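A.B. asks: Right, I'll just put the structure down here and ask away after.
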Amino acid sequence: MEVFTKLKEGALLPEYKTSGSAGADLRALIEEPIILKPMQRCLIPTGLSVELPKGIELQVRPRSGLALKHGITVLNTPGTVDSDYRGELAVLLINLGNEDFKIENGDRIAQAVIAQAIQADFLQKDELSNTERGAGGYGSTGIA
């Protein structure tokens, strides 16, 4: 699938690191380093805009290594980029770790996953069909 991109000066295309990668790395495009303090959040620009085919979305997801090693994650994960959005992609990062985290220009800060997006027809109904689970949620199926 082709995804057309527009890059600001200095921005880099998303990059898959292996042939089996589902996520392509997104990089920060910043003039000066950003220090993300514990529990602080910041919107990090990428310098990237995309033109997605209708029926496709781009999901912005955390990088597992940043989450494990530093507590850095995408706050609104997965962030959804709709097919009709043409603005610059930015990544809302939060530091859930205990130490300051430094973000520099070109750092890989998140990953982009391309997915199908289906628009449903929502219809109102007085009663929904019964299931074994019913209305149980939030741990109702147990832990083990």
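Positions of Cβ are set from backbone N, Cα and C atoms, glycine also.
Taken from Swiss-Prot, the feature substrate binding site covers Arg63, Ser64, Gly65, Asn76, Thr80, Val81, Asp82, and the record attributes it to sequence analysis.
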A.B. asks: Within 10 Å of each Cβ, count the other Cβ atoms and name the one among the binding-site residues Ser64, Gly65, Thr80, Val81 with the highest count.
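C.D. replies: In terms of Cβ crowding, the pick is Val81.
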A.B. asks: Under 8 Å between C-beta atoms and at least six apart in sequence, can you list the same-chain neighbours of Asp82 (substrate binding site), or say none if there are none?
C.D. replies: Leu52, Glu57, Ala117
A.B. asks: These are the binding-site residues: Arg63, Asn76. Which one scores highest on other Cβ atoms within 10 Å?
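C.D. replies: Answer returned by the neighbour count: Arg63.
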A.B. asks: Need one number for the substrate-binding residues Arg63, Ser64, Gly65, Asn76, Thr80, Val81, Asp82: the maximum pairwise CA distance in Å, whole number please.
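C.D. replies: Answer in Å: the longest Cα-Cα distance is 26.
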